[in-house]
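As recorded in Swiss-Prot, the features of this protein are as follows:
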type	residues	note
ACT_SITE	LYS119	active site, N6-AMP-lysine intermediate
BINDING	ASP34, PHE35, GLU36, PHE37, ASP38, SER83, LEU84, GLU117, ARG140, GLU184, LYS297, LYS321	NAD(+) binding site
BINDING	CYS415, CYS418, CYS433, CYS439	Zn(2+) binding site
DOMAIN	598-674	domain 'BRCT'
Amino acid sequence: MDKAKAQQEIGKLRAEIERHNRLYYLEAKPEISDFEFDKLLERLIALETEFPELVTPDSPSQRVGGGITKEFPTVIHREPMLSLSNTYSIGEVSDFCTRVEKLVAAEGGGTPEYVAELKYDGVAISLFYRDGLLVRGSTRGDGRQGDEITANLKTIPSIPLRLQSAGGSLFDAAVNGEVEVRGEVYMRKDDFERLNEERPEEERFANPRNATAGTLKLQDSAEVARRRMSFVAYYLKGHDGEAPTHLRRLEQLKCMGFMTGAAARLCKGMDEIANFIGEWSEKRWTLPYETDGVVLKLNEVGLWDRLGATAKSPRWAIAYKYPAQQAKTVLQGVVFQVGRLGTITPVAELKPTKLAGSTVSRSTLHNFDEIERLGVRIGDHVMIEKSGEVIPKVVSVVLDERPAETAEIEAPSECPVCGTKLERHEGEVSWYCPNEEGCPAQKRGRILHFASRNALDIQNLGESLVSQLVERGFVSDAGDLYSLTQEQLASLDRMAAKSAQNVLDALEKSKKQSYARLLFALGIRHVGAATARELAHACPSIDRLREMGEEELAAVPDIGPVIAASIRDFFAKPWVAAMLEKLAAAGLPMQAGEEKALVNTNFEGQSVIFTGGLERHVRQQAEEMVRERGGKIVSSVSKKTTLVVAGKEAGSKLEKAMKLGVRVIDEDEFERML
C-alpha cells in the first residue's frame, strides 16, 4: 500500500474508532462488539507501524499505552484544587444555603440558584489542553501540587485527546490558547468486578475508588489501558468565552467531547435541593458506577471568586454525603472457607436482602474472636453494613429480636474441602487444615498467591482458570505452571487458542520478575512482601537461604525467631524442594540481581508505618514510595519507629505513636516529603 492510500484509510479508521468510543462511553449505545472494536484498532496500529510518519498525538492508537514511567514529575496547579466541605446532614446543607444567600446579598446579587450534581466516587484530576490538544494531566495531590500522569490518562477513552469544536468563542480560545478541565476518574462497577475476578481473593481491591487510585499511579501505561476507567468532567476554565453559569459550562464541556454528570439539575431553593437528594438516595444504586453523595455549586460562576474560599474548601460549594447503608437480615448459617495456608474462615450465610442496590446473601465473620465479640448465633437477626467495601460486614446483633431457638456457631473439626482433621496453632484464634500437599483449596490459594500482583503478577491467571487446572490435575504447585502446554490450556472451559497463548506469554514474562518477588510468591507463612525484600538482601540465593539456620535467619532485620522457624519449616518440606527444582529448571530468578537505584534519599534512616485509610494512595504503593527513597516499612509501632503516616480513622497504632512520642504526619505532609 502506498502512503496516500494508507493516509486515507488511517483517517477513516480514526474517525470510526472515535465514533465508537463516543457511542460506548458518552452515549451508552454501543453498535459493535469489543472484538470488532479491537480489530479496527489493530488495523490502525498496523498501518501506523508501517507508516510511522503518519502517527499523530491525538490518534486512538496513542491510548493503548506501553511506556514505563519510572517516576511522576510534580505539577504545581495554577489554581488550587480544593476539596469540598462534606456533610451528612440536610440541616447543614440548609445552613450552607443561608450563608451563601447572605454572601451573595452582600455582593449586591439576587436570590442564588444552585446546580445539584451526583458526587462520583473516584479520583480528581486536572487536564490541560493547548491549541485543542491534550498536553498534560495530573492528580489533585495535596491541592497545591500533584503528580503528572499524562501517559496514564491518555489511555482513558472518555478523555478526548483533541477537543471537539463546541462552536463559539470558547472553542476558539481552546484552539488558540489553553483550557483546563477538571473532573473525576472512576471505574464502572462491571469493569471493577472484571478486574477483581482476575485477582486472587487476598489481592482484590476493596472498592472501585481504591482500584482507580491504584491504577492511576501504575508505572506501566499498558496495564492502565487494560484496566478500563472512565472520566466525568465538572469544571472548565479557558481564556475567553466561558459561559457565565456552571450549568452552561457543563453543556460546553459536553460539546467539546466530555462526559458530564447526566443528572445535573438547576435548583432554586432548599426544597428543590432536598428533593434532589431524596430522589437519588435509592435511585443511585441503579447507576453503573459508584456515587456517594450530591455536590451543590452556586450556579453563577462570576460570584465564585468573590465568595472566595477557606484554606481547604470553596465557600460556593458543598458536598452532601449519603450515610453508610445498613439493612436487617437473618443469619441462616455459617460456611467455612479454606485459605492458602489452610486457615479456616467463617462466612455468614444471610437471608437475601437488598443493600446498597444489590442483593446480599453472604458476609465475612473474619474469625472466631469476631463471632464471640458480636455474640452472634445462627438464627439471629443481624444488622449488616456496606460502607465503601465490596463485601458487607455484620456490625451488630438485634438482641431484642433474638428468636427462642438459635444455635451456637461451632468450629468445624474437619476441613470442609478435603476432610482432614483440623488443628490449631498455640495462641491463635483460627483453626487450620494441615493437609498442605493434598487439600485442593490450599493448592488453589497458593497458586493464586504466586500469580498475584505483588508476587509474580501473572496476568490472565484468575480464580476460575486455576480451579480448573487443579481439578484436572494439570498443576499441583506453582512449579507445574511452567510445564503447561497450549493444548492443556485450550481444553479448559472458556479458553481458546489465543487465550491459552496469552497465559503462556504471561508465564514467560513472569520469569523476569525479581528474586525478592519470587520469595514473596512462594507463600511462606509470616513472610510478607517487605520481609521478602529483607530476606533477598540478606540471602542472595535460594540455595543460601535453604542452608541458613534459625539463629542466622533470626538475625536478619524484621525476621526474629517466629518467622525464622517458619522459613526453616517451609524449606524442610519435600514438596517444597520438588517445586523449587521445577522453578529453577523453568528459569525463575533463584538469586538476587542488581539492586534498583533509589529515586532519592528523603526517607533514608526512617522506619515508617502507615495507619488508617489513605485518600490518594493505595497502601502498598505508598510503602513502595518510602522504600524507593531509602526508608524502611515496619509492621508495628515501637520506640524504633521514627515516622507514622496517619490517614482517616487511624486507630490503636496512632494512639501508641502519640504515647511514645513518635512523629506523626498526614497524607499531605507525606506527599511533600516525597
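Quick reminder: no glycine exception, Cβ is built from N, Cα and C everywhere.
Owing to the predicted nature of the structure, the values given are computational and were not obtained by experimental measurement.
Annotated features, which come from Swiss-Prot, shown on the structure.
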residue	record	DSSP class
GLU36	NAD(+) binding site	helix
LEU84	NAD(+) binding site	coil
LYS119	active site, N6-AMP-lysine intermediate	strand
ARG140	NAD(+) binding site	coil
LYS297	NAD(+) binding site	strand
CYS415	Zn(2+) binding site	coil
CYS433	Zn(2+) binding site	coil
CYS439	Zn(2+) binding site	coil
Using Cα positions only, nearest of the recorded positions to CYS439 (Zn(2+) binding site) (GLU36, LEU84, LYS119, ARG140): GLU36
LYS119 (active site, N6-AMP-lysine intermediate) versus GLU36 (NAD(+) binding site) - Cα distance in angstrom: 34
Least surrounded among the binding-site residues, given as CYS415, CYS418, when other CB atoms within 10 Å are counted: CYS418
The domain 'BRCT' (598-674) - residue tally per DSSP class, helix then strand then coil: 25 helix, 16 strand, 36 coil
Integer Cα-Cα distance in angstrom, LYS297 (NAD(+) binding site) to the residue listed as 'active site, N6-AMP-lysine intermediate': 12
Closest of LYS119, CYS415, CYS418, CYS433 to ASP38 (NAD(+) binding site), Cα positions, recorded positions only: LYS119
Euclidean distance between Cα atoms of CYS415 (Zn(2+) binding site) and ARG140 (NAD(+) binding site), Å: 49
Cβ-based neighbourhood (8 Å from the centroid) of the Zn(2+) site, residues CYS415, CYS418, CYS433, CYS439 excluded: VAL338, GLY342, PRO416, VAL417, GLY419, THR420, PRO434, ASN435, GLY438, PRO440, ALA441, GLN442
Local confidence of the prediction over the domain 'BRCT' (598-674), expressed as mean pLDDT: 86
CB within-chain contacts under 8 A for CYS433 (Zn(2+) binding site), separation at least 6: VAL338, GLY342, ILE344, CYS415, VAL417, CYS418, THR420, LEU422, GLU423, CYS439, ALA441, GLN442
LEU84 (NAD(+) binding site) to the residue listed as 'active site, N6-AMP-lysine intermediate' - Cα separation in whole Å: 11
